[in-house]
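Look at TrEMBL and you will find 27-50, 106-125, 137-156, 184-210, 222-239, 251-270, 277-299, 357-377 tagged as transmembrane segment.
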Amino acid sequence: MLSGQLADGFTTIFVGELMDRFGHFKLWHAGGSVLVAISFSSVFGSCIPCKLMGTNSSTLETIGYSTFASIFNVGWAVTQVAHMSMVNCMTSNPTSRVSLVSCRNAFTMVANLSLYGIALLIFTLLQSVSVIVQYRWIAYVSITIGSCFVVIFLVGTKEPGSIQHSVDKNLSRISWAYWFKRVLYYQVALVYTLTRLVTNVSQAFLAFYVIYDLEMPQSSKALVPAIIYICSLIVSVILQETRWSSWRLKLYFSAGAVLWILSGLGIVLLPSRLHNVMYAISIVIGAANALMTVTSISMEGVLVGEDLNGCAFVYGSLSFVDKVSCGMALYMLESYQGSTQIASNLGTVFGYSVTRVGLGLVPAACSLLSALVAYTMDLPDTRRRPLVEPLLA
């Protein structure tokens, strides 16, 4: 995971620079999607280097899977930066930009929920085969369906006004130094990185927490995340039709941060005998995730503003900080865990289990810090212009 996160982080910077130079977001998105499809199928397949070398050593397996995980993250970085950069080139209306981000987050939740449907179907139809084979089929079906939607996106979506068409050709490309001299750049970077730490770290430890700390049924590993995704979907849809301004972005982000702080404290202190309370906490987490994710990404759009010939670098550089930070945080937290995943050997931090710290304390602390940073922001004043056409019409 760490090798993949590092590969993703470094790739986003160079990809963002190249996109700012040459544009063609759809072409970049298509190339990244191909890398994702090929590498993802290899991660869930057998160890290819082991087959070529005729050995199954753990070192060779680690190298093989780390390589394909890195290729996957490189492809994911390309598609992510291209897709996020298209939002700013499609419209300069602040409300429309936030609505597009909300729509993007909503369909991310749809994709996550669809995966549960695919898994349920595979587990039902292939009960006689091993778990490894079942997960391979889940991966192959997901890749196939995802590829179909990529084709629909590439065919049905027009290339947005590229850099050379949307900006006066007499203007030079914005250099990196321009962004590094802006205080708002570092504030937005902190808020976005802390938000990603909240969502990624909590997601990594959620299944371990409900099973080993709360001793909930095995079905809770799927039910609790599903509740979180459904609530995030609902909130994201609601946010699409909101008229946005700079102070509203900060207000909604702070509301999400407060919800996560309360949820984190509940997770840390929740005893196993009251494990059913976790279902209620998951509702709050879903709403908090949507509020923080949508508004933090939208703050990137406010930072970019009309400077479209540097937007890809902004998304790429901020994603670099996000990926490296998440990779290091997960690496350090998981270093406390034992070699076997049983409750008595999960390790402790500050007297609490690693899962309680990773799912509760770390996200709560990051939420608090991000809310303080957001409060100090001096976002450019944007008029609350309505959508030209409602997205849900």
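Glycine is no exception: its Cβ is also placed from the backbone N, Cα and C atoms.
For the transmembrane segment (357-377), the list of distant contacts is 184, 187-188, 190-191, 194-195, 197-198, 201-202, 204-206, 209, 250, 253-254, 256-258, 260-261, 263-268, 288, 292, 296, 299, 329, 333, 349-350: same-chain residues at least six beyond its ends, Cβ to Cβ under 8 Å. Within its own chain, the transmembrane segment (251-270) is flanked in space by residues 191, 198, 209, 214, 239, 277-278, 281, 284-285, 287-292, 294-296, 299, 352, 356-357, 359-365, 367-368, 370-371, 374-375, which lie at least six positions past its ends and keep a Cβ under 8 Å from the stretch. If one looks beyond the transmembrane segment (27-50) by at least 6 residues along the same chain, the residues whose Cβ comes under 8 Å of a Cβ in the stretch are 15, 18-19, 56-57, 60-61, 63-65, 67-69, 71-72, 74-83, 135-136, 139-140, 143, 146-147, 150, 153-154.
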